[in-house]
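Features as listed in TrEMBL:
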DOMAIN    1-188  domain 'Myosin motor'
BINDING   Gly61, Glu62, Ser63, Gly64, Ala65, Gly66, Lys67, Thr68  ATP binding site
Amino acid sequence: LGIVLVAINPYEQLPIYEQDVIYTYSGQNMGDMDPHIFAVAEEAYKQMARDEKNQSIIVSGESGAGKTVSAKYAMRFFATVGGSASETNIEAKVLASSPIMEAIGNAKTTRNDNSSRFGKYIQIGFDKRYHIIGANMRTYLLEKSRVVFQAEYERNYHIFYQLCASSSLPEFKDLGLSKCWHTPVLWW
């Protein structure tokens with residue numbers, strides 16, 4: 001059993017995730033500060049170092065709740081307190097795969113224009129000094145029904161529309177996409 005943090009997506013940028021806030025939470029004990037994703041990340045980081053055991057942070061919620069953004073903030077916290085933010089920029093390398101993953105696994109739903117239709121499992125590796133040395137991201141539970149059917153006012157995966165928009169490019173000639181242009185493409 002562990003800590004539970006209930007967060008609400010304000011749907012706007014707030015100054016509560018800045019670098020100085022990371023340093024405010026770093027080294028603090030759980031409960032000494034206001035509830036925050038950085039407090040949860042600090043507790044997991046501290047327990048990993050103290051007990052030398054793997055830790056897990058589960059980010060759960062419904063569409064549009066801000067799960068992906070919360071995971072990014074936790075990774076930024078680890079990169080900063082682990083001293084690797086400026087050294088190797090592992091966070092940027094891990095998150096660089098996000099647009100590709102989103103194109104393949106995200107779709108417009110009635111509740112969210114860029115909704116993940118899959119789960120993500122991100123495993124972050126640390127060295128003996130507790131600096132981030134790498135990460136592995138896996139996806140699971142892809143919503144396969146969206147490939148052949150979309151509810152009214154929803155769309156297929158973004159990659160479908162991106163492929164259709166690129167159908168005139170020579171490298172896409174052999175894919176037979178010339179007749180898929182039946183739905184206008186909305187970019188966001």
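The backbone N, Cα and C atoms fix where each Cβ goes, glycine too.
Curation does not apply to TrEMBL; its annotations are automatic.
Around Ser63 (ATP binding site), a 10 Å sphere centred on its CB holds 13 further CB atoms from the protein chains shown. Residues near Glu62 (ATP binding site) in space but far in sequence (CB under 8 A, at least 6 apart, same chain), listed by position: Arg111. One way to see the shell of the ATP site is to take the Cβ centroid of Gly61, Glu62, Ser63, Gly64, Ala65, Gly66, Lys67, Thr68; the remaining same-chain residues with a Cβ within 8 Å of it are Asn9, Asn112. Gly64 (ATP binding site) has a Cβ environment of 14 other Cβ atoms inside 10 Å. Within its own chain, Ala65 (ATP binding site) has Ala7, Asn9 as residues 6 or more apart in sequence whose C-beta sits under 8 angstroms from its own.
Less than 8 angstroms from the CB of Gly66 (ATP binding site) sit Ala7, Asn9, each of them six or more residues away in the same chain.
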